[in-house]
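Quick look at what TrEMBL annotates:
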- 1-21: signal peptide (SIGNAL)
- 119-312: domain 'Peptidase M28' (DOMAIN)
- 338-366: transmembrane segment (TRANSMEM)
- 381-601: domain 'Endoplasmic reticulum metallopeptidase 1/1-A TM' (DOMAIN)
- 387-412: transmembrane segment (TRANSMEM)
- 418-444: transmembrane segment (TRANSMEM)
- 456-477: transmembrane segment (TRANSMEM)
- 483-502: transmembrane segment (TRANSMEM)
- 514-537: transmembrane segment (TRANSMEM)
- 557-579: transmembrane segment (TRANSMEM)
- 586-608: transmembrane segment (TRANSMEM)
- 615-691: domain 'Endoplasmic reticulum metallopeptidase 1-like C-terminal' (DOMAIN)
- 704-748: domain 'Endoplasmic reticulum metallopeptidase 1-like C-terminal' (DOMAIN)
Amino acid sequence: LPEARGAPLVLLYLLGLRALAQVSHRQLLNNPPGTVGPREFSAARAREYLDNITAIGPRTVGSPENEVVAVNYLLKQIRAIARESTDAHKISVDIQRPTGSFSIDFLGGFTSYYANITNVIVKLEPRNGAEHAVLSNCHFDSVPNTPGASDDAVSCAVMLEILNTLSKSSESLQHAVIFLFNGAEENILQASHGFITQHEWAKSIRAFINLEAAGVGGKELVFQTGPENPWLVQAYVVAAKHPFASVVAQEIFQSGIIPADTDFRIYRDFGNVPGIDLAFIENGYIYHTEYDTSDRILTDSIQRAGDNILAVLKYLATSEKLAKSFEYQHGNVVFFDILGLFVLAYPARIGTIMNYITAAIAFTYLSKKVLQSKTRAIHNLKKLLTAFGLTLTSWVCTLVAVLIVAVFVSLIGRALSWYTHFYVSVSLYGSAAAAKLILVHVLAKKFFYKNMSEQYLGDIFFDASLMIWSIALAVMTQMGLCSAFICTLWVAFPLLTKLMTYKEFSQKGATMKFIVMYMLGMFVPYLYILYLSWTVFEMFTPVMGRSGSEIPPDMVLAGFIVIFTMILSSYFINFIYLVKSTKTTLVTLTTVFVVTLILVCSGIFFPYSSDPANPKPKRVFLQHTSRRFHDLDGNVVKSDSGIWINGFDYNGISHITPYVPEVNDTIRTPCEKQAPFCGLPWILPVHFMFRLRFERKSYTCRIIPFARAQLCQWDLGDGTPVASLGGDYFVFYSHGLQAAPWHFWVELT
């Protein structure tokens, strides 16, 4: 098979699949909303709510904007909706201002205490009342310095319009729908805890839908469900008009890789209630920034979210299963959407059986291949294991080589060069990964497999890839990972393809017919993995701009690119042995890599962008700090003040000093080893994520030795102190507009 025929076809095939996967991500947002009738969700009305909420400005917990202005606006709209409600429904409204505390293992572990925060709660129920309820949750507070359009004003706007739509319907619901507009989520999930543990309506809740954001607009992704309760996923599958869901996202999120959490955790852990967690994931570059404005959220995104959530809430509020939700805890569920068109969902136990059967068939096929000639069985097994080992070796070599490039780029101060221009990461790390992978196999073909049949080598390396995926399938299934369905795709379809093209595979000089049949057989797994990769990179790339200054983002992204390169190359490795030469392909990939590396080293790719239409800003946290350190007798032994500067990404403040030269006068803050958290006033216990820098105004210091003590009990959370990373204890305290003095006790040994 000449390279001129093989390699370009493979490249065009992958590019075509990539384009199709990208189109599928956009296709649902291009559907016009259509005519909106009196009972349908109106994106126009929801947008009006959104504009009015964001017009209030930043809504931090404890501020008048959050505790008074936003609350009054919500109450005004809710009362207007209640006045126009039909006689089929009864609407009740309550303002809750809870005080409480809890411990959580998020960000290394800490304890949260809140006082007099605000919840606005609405219950829509049948005229004669309802025993059971489904909860819909959003939060109207925001982080400082942002109008918080996507996080989470748009969700509250959607909920207001859903309340409006349901209340005007003449059809009575079987169960109540509780709408919680919570006013303290950004303070690490406090308001949801206050509601689910203290409010009288919480006892009736049997399921919930949590509306969140990790980006600005786009499609809302179902990224957490359960725990267990597969009937909830089935409800989403049946009811949602534009499904977008992934159990892969669920397992990634729950692994803790992404430094974030949602109210889903509170309802699950403290309320023992199953639910569905949805979030907008597009354009996370401006999440939690001043650019998160309502005009950046497409009306089609609002319409899509409203259609989905309204349909699912109506389904749950009329479902017989809601009243008996605790009887339907039948294990986990595997779920994933097919290009945004529909969702496949099935119980994990069924998936386990399917996975093991698929793996068994593959191992049976491989065994027959090895034993087809009993006299050469040992020889065949050695050849298969050699190809297996060589494939793994090529992957390890590729990963190491690309990570070395990523380390080099980070050390010379060019990290995140791809942050604004994602194609740079593909050109730099993707081309390096592909070139290294091909090079290892070219060398093996030239020196290790000299004078061996090309068809035999192509066949044996296909079997080696099949063996790798079969083992991965068995291991992931044994670990209980629902994401193992991906391995099933990468075992079942290639095996079917191999069986269908067996004659062509065996012929000397593979034909165009073989190439076409082979690519058609691989169409489904390759299309799905490209679709999935788009989702993963869309979520993770912006996160690298806010993951702290200790995590090298180039190594993380390079690792992801290598992993996807390994996956995509799995069943094309055999083409390296089938083609006559790969010289042109290697030269092209190497040229792309070298040119990109030179451009990256030159600094031509500035990481950030101030483009008004599509900003990708750098995040820097500036905190005016005054510190006083006391000894055990209460005497002040040290005091200082200044501006505490933290860059939110690996580049720190290196890109700022040329434009703000005064920052050059700052010093890197030494760690006060005898003080908790290095003696710095962290808002959250994220000290392990940042390098410290402090511009000091004044400074006095004396070191006072003190005895070690153990914290045994306190009256926070459940009474058991929870230590953070490093063994210190961190208590996060916040309050609403007004709060009584905070009294608490601790017991030390």
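Cβ from N, Cα, C; glycine included.
Here the domain 'Endoplasmic reticulum metallopeptidase 1-like C-terminal' (704-748) has long-range neighbours at 61-64, 67-68, 97, 99, 101-105, 107-118, 183-184, 187-188, 190, 631-632, 637, 674, 676-677, 682-685, 687-688, meaning same-chain residues at least 6 beyond its ends whose C-beta is under 8 angstroms from one of its own. Within the chain, the transmembrane segment (483-502) has long-range Cβ neighbours (under 8 A, six or more residues past its boundaries) at 247-248, 251, 334, 336, 351, 354-355, 358-359, 361-362, 365, 462, 465-466, 469-470, 472-473, 476-477, 514, 517-518, 521-522, 524-525, 528-529, 532, 567, 570-571.
Ranking 338-366, 387-412, 418-444, 456-477, 586-608 by CB pairs under 8 A with the transmembrane segment (557-579) puts 418-444 at the top. The largest share of C-beta pairs under 8 angstroms with the transmembrane segment (387-412) comes from 456-477, of the ranges 338-366, 456-477, 514-537, 586-608. With a cut-off of 8 Å between Cβ atoms, the residues of this chain six or more beyond the transmembrane segment (586-608) that come close are 405, 409, 412, 414-421, 424, 427-428, 431-432, 434-435, 438-439, 442, 616-618, 651, 655.
With helix defined as DSSP H, G or I and strand as E or B, the domain 'Endoplasmic reticulum metallopeptidase 1-like C-terminal' (615-691) counts 12 helix, 25 strand, 40 coil. Each residue in the domain 'Endoplasmic reticulum metallopeptidase 1-like C-terminal' (704-748) gets a DSSP state, and the totals come to 0 helix, 14 strand, 31 coil.
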